[in-house]
Every structure is written in structure tokens, then in C-alpha cells.
Amino acid sequence: MIGVSILGSTGSIGMSTLDVLARYPERYRVQALSANRSVAQIYQQCLQFRPSQVVMVDPDAAEQLRQRLHPVVPEIEVSSGSEALETIVTSPDTDYVMAAIVGAAGLLPTLAAARAGKRILLANKESLVMSGQLFMSAVSESGAELLPIDSEHNALWQCMPAEGRELPLHRKGVRRILLTASGGPFRERALSELDNVTPDEACAHPNWSMGRKISVDSATMMNKGLEVIEACWLFDAAACQIEVVLHPQSVIHSMVDYVDGSVLAQLGNPDMRTPIAYGLAWPERMESGVTLLDLFAIGQLTFCQPDLQRFPCLGLAYAALERGGTCSTILNAANEVAVQAFLDQRIQFTQIPKLIEWTLGRVTPTVADSLPAVLESDAVARQVAKEQVERWY
């Protein structure tokens, strides 16, 4: 039995992972679950999957869960705090780690899993955005297996040669990577109307079912910008080798353009259970519960270039990548502050890129050669961004 620990089991990726795991009880065992404070939801997950351990980041939520579980399944160990997350992913009973915590909060436990040599199903792109060099070094040194779960990077993984994955793109005969993006809910909205976009509108993605933070990132296309940075680290690519293509149908999840003129694409319905099942079963494949792709119903696939006036966050991400050091960390921190401020209705949708650009101009990046350096840049950028939100609000 393969022991699977899920970081962020109550989020959309975590729930999709459990849906896939439930189909194979003879092959996978849910070793540990974690959440921030969603007690009712994780309680139901505990009743169904009976993990050995559960971690609630919030101590009060952990105590509530402990009191609810003890009369029913007293054998489940409930703990709290960020350090407990590192404990479950490094446990000898954990073979695979689904890294699905959203944002910078997922960095430390995911890095711990890499250092422990686990198979990591990486849905937390911020781990690579913030500490790409450190993270990839940890994977290499420990012999960990790193499988991308973002649909785009999983598609690229499937379209790349199976041999020599560690080689740079030109050694694999790859000319460029084509990352597809839906364009989110506002790809055709008049620019003059974007000031008045509400959080609920921004979270209504036309194709994917996602959490609120990543839905806003999709609407601004910062999500695609972060994915560009992630792809650079995963595939040893330069920024100039990655092109973003708007593809509203979200059927082609990404493409690889080879030097001989061949372009390989991975297609499928927009359902995260596909890359999750691929990561769990690799190098094999297994049924995931995803609906059969009906090309006749889709009819046509369309593509266009992204408009950087409409999506300035994408340009900011490329600029941060080119600048190097902890600039990507600063970008991510400012974005997390900006998105939360927008969701809290403290700033406008169009102020998200303005706050990020403002923060990038005021926080000096350093060399990203240690975890303390990365965390320091993250903390400084958050403080600077939060102070500016207070001035605007």
C-alpha cells in the first residue's frame, strides 16, 4: 500500500485527490490530511478515509476537530501548527505527498518533503516561484520524485521525452514551450469596466473549478505568470523559451514545440483529476473518473496572443523572472497581499497589478541562495505591500 499525505485536503486540489484515491482503496492509503481551519469538512474526510494523522494549522480548529473525532475514531492523531505539517510529510509512513496548500504557506512543508526524498505531486507552484534553485537542489540531492500537477506543467511533462528529463531544453530537441491560458472571465470585458469588477465576478472562472485566490490570479493572469516561472525551474528553460497562448476552450493544456517542426500537445477536459491520477500512477496510467473528451461537441479550438495592457500581471512576472534573485519571491508576496485586499474589498481589481509593481520598485531583491534570504524578502515585501494597502484604503 502506498501512503499518501495531502497538504491542503479541503481545497479543490485536495478534494479532487481524495476523489481519485477513493477509486483505488487496494492501492493507496490516506496516511495524513491537513487543512487550515475547515473543521467540518476535514471531519467528514476523516470518517471516510481514516488517516493516521491530521494537522490543522490553526490550534483552535485542531482542538475542535480533536473533540469531534475522539468519541468516533480516537486512533486518529490530531496536531496543529506549521511544524506539524513537516512532520507528516517526512514520516516514513508517507510515500507520496500532494502539495496543494495555496501560496507561500506551502513552501516549508513542500521543501521538507523534497529533502526527505518523497514523491511530490506539486500543485503548490509558489514553492518553485519563491525558491526554485533551493527546491530543485533539494530534489536532486535527496532523489525525490517531482511530478507537476498544474494542468499546464503536467501536460508539458507528458509531451517531453521520458529520458533525460534533467537536461536543458535544447538537449531534448525542444525549441520552445507553449503554455496555454483561458484568459479568465474578463478576456473580452471592456478595459474601462475592469475598475468595477467584484470579487465574485473574478472568482467565476468560465472553465475550471478553483479556490478564490487562484481564481483571482487566473483573472489577472498572474497565475500564468507564476506558471512561467515554475516552468523555467521544472524544465530548465529560459524565459525567452516560454510563450503564453490564450486558448479559451481550455482543452489543450500546453504544447511543446520541437526543433524539427513537430508540436506535441496534451488535450483533455478541464478536470484536475487527470493530472492528479497521472502523478499518482506514473509511469503507469489509471482511470480518474474524468468525462470522455468530446471533440465533436467542442467543434473548434481557438488561439490568440495575450494583451499585456489587459493583463499587466503577466508582464510583471516575466520582468521579475528576468531580474532574478528573490524578485520572484517579492512578486509572489505582493500578489498574495493584493489579491487578499481585493477579496476583502479594500482595493479595486485594477489596483492588483499596481500594488505589485509598486512593491517591486521599493523592495530590493537579494541573492536567493538560502531559505532565510527567501523568507526575508517575502516578509519585507508583504510588509511594504500591506502598508501601501493601508494608505490606499
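We count from 1, first residue shown onward.
Every residue, even glycine, has its Cβ placed from backbone N, Cα and C.
Swiss-Prot lists Lys125, Ser151, Glu152, Ser182, Ser218, Asn223, Lys224, Glu227 as 1-deoxy-D-xylulose 5-phosphate-binding residues, and of the candidates His170, His205 the one it assigns to that same site is His205. Site annotation (Swiss-Prot): NADPH is bound by Thr10, Gly11, Ser12, Ile13, Arg37, Asn124, Glu126, and the candidate from Gly211, Gly225, Gly261, Gly268 recorded at this site is Gly211. Listed binding-site residues near Lys125 (1-deoxy-D-xylulose 5-phosphate binding site): Asp150 (candidates Thr10, Gly11, Ile13, Arg37, Asp150, Gly211; Cα-Cα distance within 10 Å).
Comparing Cβ neighbour counts within 10 Å across the binding-site residues Thr10, Ser12, the minimum falls on Ser12. For the binding-site residues Asn124, Asn223, counting C-beta atoms within 10 A of each C-beta gives the highest total at Asn124. Close to Gly211 (NADPH binding site), meaning Cα to Cα within 10 A, are none of the binding-site residues out of Asp150, Glu152, Asn223, Glu227. If you check the binding-site residues Thr10, Arg37, Glu126, Glu227 against Asp150 (Mn(2+) binding site), the ones with a Cα inside 10 Å of its Cα are Glu227.
The binding-site residues listed here (Thr10, Gly11, Ser12, Ile13, Arg37) include no residue with a Cα within 10 A of the Cα of Glu227 (1-deoxy-D-xylulose 5-phosphate binding site).
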